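Visitor: Input: one structure, supplied below.
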Amino acid sequence: MNGKGRGLLIIISGPSGAGKGTICKSFMERNENVALSVSATTRTPRTGEVEGVNYYFMSKEKFTEKIVSNDFLEYAEVYDNYYGTPKSNVEEILESGKDVILEIDIQGALKVKENTEEGVFIFVLPPSMEELKQRIINRGSETPESLMKRFKSAYKEINYISKYNYAVVNDKVEIAVQKLEAIISAEKCRVDRIKESILDSKEGIIHEQLYD
Ligand code: 5GP
């Protein structure tokens, strides 16, 4: 690990159409010491999506092999496709001292919660259910059936908000990103995160931890 210590594992989820992707993209543009985990998926690429940037696209067979060899930190079936977070990438980035964002669905977030002690769990909410519906329609990439499916699941998914540490309403992207930045700053100041370095370190390192 470098002098900065282990990075933060940040899990961002919320219903389809809440705008997690937009928030994450904007957050990534404004912040350097953070990486977005690239997931594996069995779904077909959408126009403009790039292998290794948006997802690692793979067959169901390859995905199943990876499940068997325990390569995923979590995986889930979402809208008839499989999605999973490659474990080794995430671990490497955290060890290097960088923060990692997992932009994943709610089932996946709950599995991360079961499997690891770390993690800051953030739930992104739409300003209203009507707005959520409109955003999914505006995306234009869904069939009427998949639109209904996503909208119905959104109602169910919102019930899981109590499992999360923070909720951010995505009314204006700029404000939502500022809230995300505030959450992460606060998490980095938590005494239980920096306690060991305060107790074990010499003064210079204490200063680095507290004022980095
Ligand atoms: P999309 O097909 O629109 O890119 O993503 C569909 C859903 O899958 C989104 O809610 C997205 O957050 C979620 N998702 C993307 N990657 C992962 C992953 O690695 N694990 C889980 N559990 N969900 C994911």
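Backbone N, Cα and C define each Cβ position, glycine as well.
So TrEMBL lists these for the protein:
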BINDING   Gly14, Pro15, Ser16, Gly17, Ala18, Gly19, Lys20, Gly21  ATP binding site
DOMAIN    7-185  domain 'Guanylate kinase-like'
Visitor: List the binding-site residues Gly14, Ser16, Gly17, Ala18, Gly19, Gly21 whose Cβ sits under 6 Å from any atom of ligand 1, in sequence order.
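Guide: Ser16, by Cβ distance under 6 Å.
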Visitor: Fewest other C-beta atoms within 10 angstroms of its own C-beta: which of the binding-site residues Pro15, Gly17, Gly19, Gly21 fits that?
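Guide: Counting other Cβ atoms within 10 Å of each of the binding-site residues Pro15, Gly17, Gly19, Gly21 gives the minimum at Gly21.
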Visitor: Return the count of C-beta atoms lying within 10 angstroms of the C-beta of Ala18 (ATP binding site), excluding that atom itself.
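Guide: Total other Cβ atoms inside 10 Å, all chains included: 27.
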Visitor: Just how many other Cβ atoms lie inside 10 Å of the Cβ on Gly14 (ATP binding site)?
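Guide: I count 29 other Cβ atoms within 10 Å of it.
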Visitor: Just to confirm: which same-chain residues, 6+ apart in sequence, have a Cβ under 8 Å from the Cβ of Lys20 (ATP binding site)?
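Guide: Lys20 (ATP binding site) has long-range Cβ partners Ile12, Ser13, Gly14, Glu103, Val124, Asn170.
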Visitor: Other than Gly14, Pro15, Ser16, Gly17, Ala18, Gly19, Lys20, Gly21, which residues of the chain come within 8 Å of the ATP site, judged by Cβ distance to the Cβ centroid of those residues?
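Guide: Along the chain, the qualifying residues are Val124, Pro126, Leu132, Arg135, Asn170.
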Visitor: Can you tell me the mean pLDDT for the domain 'Guanylate kinase-like' (7-185)?
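Guide: It averages 94.
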Visitor: What is the Cβ neighbour count of Ser16 (ATP binding site) at a 10 Å cut-off, with all protein chains included?
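Guide: 24, counting other Cβ atoms within 10 Å of Ser16 (ATP binding site).
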